[in-house]
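Please find one structure pasted underneath; my questions will follow.
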Amino acid sequence: MRVRMDYALAAIGALAFAAGLAGAAYTKGMFFDGDLYRWEAIVVALAACVAAGVWLRARRLPPLWSAAPFGLVLAYALSYLAGPASVKGTVDAMLRWSLYGGWMVLAGLFFSKPLRRSAGLAAFHAAGLTVVLGGLAGWYGWLAYPEIVFRSTDAALSATGARLAGFLQYPNAYAAVLGMWALAQWQLLDARSRPAAAFGCAALIPSVTALLLTESRGAILAIAIGGILSWVCRPKGRRGYALAAAGIAIGLAAVAAHASFAAMARGAPAAGVWTLLGAAAAGGTLLWALRPRPGAEGAAGSSDGRRRFSRAAAALTTTRGGAALFAIGLAAAYLLLVGGASGGARVEGHLETASARQLYYADALRMFADRPLFGAGGEAWRMLVGLYQRSPYIGNEVHSGYLEVLIDTGIVGLALLLAMLIGYALKLRRRAGAAWGPAAVLLAHAAVDFDWGYAFVWLLLLYWIALQLSHPQQAGGASGAAAPLAATAAEADDALAREGAEHAAAPAETDDRQQRKRAGEAGEAAADRRSRASRAAGAVPALLLIAVAVATAPVAWGYAAAAHADKAAYAAQSDALRIAYWRKALEANPAWSSARLQLGALLPPKERANLLTVGLRYEPQSAAIQYELGMAYIDLGEVEPAHRYLREAIRLSRFNRDAQDAVIARLMRLSERLDDGGDREGGRAAADAAVGFFERYRDLYARLYAGRTNPWHATALFASAKVNAAKAYGRLGMEDKAVPLLREVVAADDGDWKEEAASLLKTMGVSAEAAVK
């Protein structure tokens, strides 16, 4: 009965973890916080309950290493106390890391028995197969999932016009995940378990094909790092087969990927699946046939043909033979995917994305320099990038997980993160060949992309680490914390009993029996006290986990209610309903600036201004709130506060050309409105403010493009700002500054702004023809 129960619990737990991983991937990788809140509350509360139950029932604690992710909760809490750039962003990050910590605790407790570890490994690969096949089904047109295939005509983004993005909707992050699973499957090929090896042989080529369809250069480099690490840590006798298997998988997957790209280009993506099926069948059979079998070459009763094949297989799976097959596989992949129609677009050139990352990293380091200890809190990059960027670019992500942690939580947070990762690596050094390679793929790629923005990526990485740390070889350090404390108490009792016995054996001629009795009683009492103290100390981790759950679960649940109301607002059919839903969202989560901005757009100017002013308590450096607040005061006709808030908005986002143009235009219209209403002083103040914004705008581009061709003069991008600034100059009696601007517009623009500029010149007594000349 007990054995059946163990099997049932192992199966149920494995199914739950597999469903959790696959579900997290399917939910767009849990990139968006709105998809996370309820899971954060559920997982943390469940971890606390399970840990408490295990402690009460078996006096056993979660392994100490499972608590490491909670260190990042502390780091973000310190950023929160230091004054974050975004309250919501920081709380979101705390909730995310609470989720990761709860997940790690559950995994650590579940993997405490060998049967559960085996089931957990099966769950890991089942989830991987779901993610791989789901992506391929989307590529071949069998699964309707939004943005599962990324399309672009820009050769810098896609050499063929299409890239597999999977459930994560981002090819690079999806490729890193595929690379981790492909490497884990590669490691299964020579496993002792025949079913495990057979699974690896069958799954490897589809996984590598999906990987190649992503066209991700950074992920392939990360996989190379992980593969080399795994290969070096293998026993020397297995390295030849590993190289041969990798070469076969890469070569045949390249054939399948080439056919799939061609079928997609023809508009018949499903046609590519036949090549994939053939490659997977042929490759899987060959990988299985080449597996090293001790004694197979000279086995008695073997036919001549089988012995010849065994000798050939043995030759191909030596280090030299394997290296030759690996080189052939790489050459085939290069010829089919790089040297063909793509012309090597994303390998030999088009490095714009890499250059852009250099800009991001330089600006991120400047951001860190201003808050080096505790950082600027969660979402620091999105909140502050406009203030720190030194040139125009679109960069909603810093594209480095490590840098993001650094600017969010400062040196303290990065130190805690690195201590956790290095500590895990050191504890796994005895299992480096199995554990390090797949983990290294995700850790390496996160250095150059925003994979860690996906909760799924962290859940996958921590699951793998927990699975490896729970292995029996870690008993010296990993499972000691998880061992039943009753055993520790028993050892203490034995030691104290021995101590009491020694005291009782001391020379005592008169009352030897009484002394022995008193010493024994004292030893028993001391043992009992120490046992109670040990049990009480052991309860502390469970109580701390419960405290974390009590602190975070209600917040996460409230944020989930706000996200639900926000979703309902977008789906509502009337402004009245939208207003009601967004008010409800702000009641549940007052720090949510997005809901505040959406609600403000539907309110009268005065109420909007009051609402947005409150929002600055939670995000004082929000360019969007400052901008909308300034626009609200323009609607109210109040020049001074409008000028103050708009100037701060532009300071926080000076390369936002649309905002710059809109500020000048709205201030100019305010000047006209106030002047027409009889407030000449207010009208002049608004015109003067418009001129000030325009001159700072022009000076910004003059400094930025000093010594280079300045788009300010060469294109029509700034026609709106020039025409409205000319109007403001005219209202201030400065026609000598207005005329050159209007002439530039007439000469460079071909649209409505040209006609308006010509009309304004005519009112100033300058003809359009003369302006062009």
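Heads up, residue numbers simply count up from 1 along the chain you see.
Placed from the backbone N, Cα and C atoms, the Cβ positions cover glycine too.
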Which stretch does TrEMBL mark as transmembrane segment, out of 219-234, 459-474, 571-586?
219-234
According to TrEMBL, which of these ranges is transmembrane segment: 63-82, 623-642?
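Going through 63-82, 623-642 one by one, TrEMBL flags 63-82 as transmembrane segment.
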Pick from 94-112, 436-454: which stretch is listed in TrEMBL under transmembrane segment?
94-112
Need a quick answer: max count of Cβ pairs under 8 Å to the transmembrane segment (219-234), which of 94-112, 162-184, 196-213 is it?
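It is 162-184, which has the most Cβ pairs under 8 Å.
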By DSSP, how many residues in the repeat 'TPR' (623-656) are helix, how many strand, and how many coil?
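Residue counts for the repeat 'TPR' (623-656) by secondary structure: 28 helix, 0 strand, 6 coil.
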Taking pairs 6 or more apart in sequence, does the count of Cβ pairs under 8 Å between the transmembrane segment (271-291) and the transmembrane segment (539-560) hit 3 or more?
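Contact criterion not met.
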So, does the transmembrane segment (196-213) come close enough to the transmembrane segment (94-112) to give 3+ Cβ pairs below 8 Å, pairs being at least 6 apart in sequence?
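Since fewer than 3 Cβ pairs under 8 Å link them, the transmembrane segment (94-112) and the transmembrane segment (196-213) do not come into contact.
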Most CB pairs under 8 Å with the transmembrane segment (241-265): which of 63-82, 119-142, 539-560?
119-142
